[in-house]
Amino acid sequence: MEDFWEDWDLAFEDVFPKSLKEALEGIKEIPTYGERGASRFMYNLLKLEKEKRKEIIEKVLEAVEVLRPCRECFLITDREVCPICSDEKRSKKFICVVEESQDAYAIEKLERYKGVYHVLQGHIAPLEGISAEDLTIDALMERIKKYQPKEVILATNPNVEGEATANYIAGLIRRKFPAVKITRTAYGFQFGSLIEFVDEYSLEKSMENRK
């Protein structure tokens, strides 16, 4: 019986489409997208009708062109200053510090918090080569100096990186602005969770029970 594992004439590189390989490599440049995530995204996209694929890609390209960080809080928005920072009814006496825009939007869905946000655009992670200087911490200190908030709420993710980031920022605030109250969101969910994926009830309790 002929062995089907032998006499293979074509190399994998000859079979796998070059355009697909390049697309996957491009997707993998997006943070948190590895080989598996990129493949899942691309193959699911290819299952759609051609017109639907085109529609999705056009929407993504349009969003990339208009979206930018708010010049005040760094929340992703389609304006120079986001609706939250430009809303006079929002109290600048409360600044909620989050790692990413999606965390702020998760809290906004609760429709309870009436302060403003500050998006760090990441977290401190030495093993990944991310230091405090790579985040928007300096801008946060400037906002605290400018607005003299009553309270700064540290709502970084409940994981090792989030804790390290929160502790670093808390130390800075204590040294520079000793009169400012610093609170940390309570753990109403499992350590290692991401705020953007936490259910609304748990997130609301975490904000309410901050200390």
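Glycine is treated like the rest: Cβ placed from N, Cα and C.
Quick look at what Swiss-Prot lists:
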{"type": "ZN_FING", "residues": "70-85", "note": "zinc finger"}
{"type": "DOMAIN", "residues": "93-190", "note": "domain 'Toprim'"}
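Across the zinc finger (70-85), the model assigns an average pLDDT of 98. Per DSSP, the secondary structure of the domain 'Toprim' (93-190) breaks down as 42 helix, 21 strand, 35 coil. According to DSSP, the secondary structure content of the zinc finger (70-85) in residues is 3 helix, 2 strand, 11 coil.
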